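Visitor: This is the structure I want to talk about, given as structure tokens.
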Amino acid sequence: MTSRPTRLSPIPRKQPAHLLDPTHPSNPVNTVSHHPSRMADHSQQDKGGTITFSLTCKCISEFVGCTLFVFAGTSQWAGESGVVVSALSHGLSIFILITSLGHISGGHFNPAVSLAVFLCGKMRAITAILYIICQLAGGILGALLTRGLLAEILTTFFLVHTVLLTAIDETKWHAALSIGLTVTVDILSIGHITGAAMNPARAFGPCVLWQIIDGGNGVAGFWEYHFMYWLGPAVGAFLAAALYR
């Protein structure tokens with residue numbers, strides 16, 4: 001009786017080097033899924049992980065945010081605007097501040113919020129105290145900066161600061177919205193005080209045209225104070241750039 005030949009095991013083939021090395025980028029183990037969330041996770045990891053900010057940066061963020069927020073509200077009181085205008089100014093400004101500064105300090109801009117975060121165990125006592133001090137100091141400064149040249153300086157600072165934080169290094173999805181709403185808040189805040197130019201060209205062009213067409217009737221006083229539409233934006237841009245750097 002003829003015996004059945006034994007089936008020989010296949011000779012193992014030598015695997016390519018990249019399949020034997022678990023650290024090789026082309027190894028299937030290291031292949032990254034194309035799912036959006038996975039891609040985002042890896043890109044963050046490749047860049048060194050989540051960016052963390054020092055306590056000093058966080059306190060400065062709270063100070064600047066509270067200054068701008070209180071300025072927007074106090075300017076409305078100075079102009080005796082209606083409740084709707086005041087509500088829009090407050091609501092839009094807090095949206096802009098949280099989208100531009102929230103990733104730094106958490107975007108509290110309110111001692112009550114900082115106190116609640118501390119009581120929930122999400123913040124150390126010393127951090128909460130420093131936050132509250134900076135918020136109160138920012139509130140005082142914001143209330144002081146509601147007249148003429150100072151108003152132009154702060155509104156230009158607000159605008160340029162938003163541009164730098166949302167549209168310079170890495171454009172965020174909300175950059176255009178935040179910048180546009182910043183202009184809206186600035187006009188709501190000091191439109192009744194200076195006209196809220198925030199832009200020398202915006203103030204200079206209409207004034208020159210008015211001078212040519214109407215012979216300057218009614219703009220004499222405007223020329224007298226025209227310097228603030230140049231000095232205000234220049235100082236505001238300088239301060240925003242200095243803080244950004």
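Backbone N, Cα and C atoms are what each Cβ position is placed from, and that goes for glycine too.
What TrEMBL lists as region 'Disordered' is 1-45. Look at TrEMBL and you will find 24-34 tagged as compositional bias 'Polar residues'. Feature annotation from TrEMBL assigns transmembrane segment to 48-71, 83-104, 125-143, 149-168, 175-194, 227-244.
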Visitor: Give the one range among 83-104, 125-143, 149-168, 175-194, 227-244 whose Cβ atoms make the most pairs under 8 Å with those of the transmembrane segment (48-71).
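Guide: Highest pair count goes to 125-143.
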Visitor: For the transmembrane segment (227-244), which stretch among 83-104, 149-168, 175-194 has the most Cβ pairs under 8 A?
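Guide: Out of the listed stretches, 149-168 contacts the transmembrane segment (227-244) most.
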